[in-house]
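> Mind looking over this structure? Questions follow.
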DNA sequence: AAGGAGGTCAACCGCTATTGG
DNA sequence: TCCAATAGCGGTTGACCTCCT
């Protein structure tokens, strides 16, 4: 597969699109459909390469694009999906109707990533980087102390406001299985094949080679085998991380 | 008021995947 | 099966904007 010569051809315009160019592109696609991006600019009377036209259309001009600030629900979904899919922006975008991969990528890099870092959460692994992470260290993971739970209880807003996290923390303390939590429910909803709001047909499903496959394990398995030695520290960390990120995410919105 | 710093986001770059001859 | 063309993806850049000093 050779490299596409694309924009390197001289005489093709680069940089920001003018309203006139937008008009031409929209009018052409409305009339003829997307078709062949390579020949589209010529047929539409645009001095742009096909790649540039495709990008402009998919990221900006498409009529179904939702513009404006991301809602809390969207942001929450992005964080959850990113913990499952990693930097698969197109796969994440396919699960957020009206949002483009570029928009989500930008939003992640400029907002969410920084906020997670500020909150002490690693945006790549989604693992807590707070002192709370002591709960997840191998030596303490299965037998956290009462002091550890007290730390969680002292959180503002109160941990009691988040029964799922509290339930998991209590399970950590008692060593008994945690009941299915909201994170599990959401993960079931968000995992490929379980989403009914998915748009587009070319959604790639994560494979074993996914960059962040940690949460491919069933959280139910983690929860029910918890305390019985069946769950790895990573599994527990992943589940706890999901709950914690939900807690911290909500608290950030309250600031 | 000026200008420097930092944030935002549209657009580009370079690569891989897919398709079709 | 091979190879070229094309589509699509994730990472990066840079112009523009806002905020701060």
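Glycine is no exception: its Cβ is also placed from the backbone N, Cα and C atoms.
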> So which range, A:190-215, A:216-241, gets flagged region 'Disordered' in TrEMBL?
A:190-215
> Reported in the order helix, strand, coil, what are the DSSP residue counts of the domain 'HTH myb-type' (A:66-116)?
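DSSP classes over the domain 'HTH myb-type' (A:66-116) add up to 36 helix, 0 strand, 15 coil.
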> Over the domain 'Myb-like' (A:62-112), what does the predicted model average in pLDDT?
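Residues in the domain 'Myb-like' (A:62-112) carry a mean pLDDT of 89 in this prediction.
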> DSSP-wise, what's the residue breakdown of the domain 'HTH myb-type' (A:9-65) into helix, strand and coil?
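Split into helix, strand and coil, the domain 'HTH myb-type' (A:9-65) gives 31 helix, 0 strand, 26 coil.
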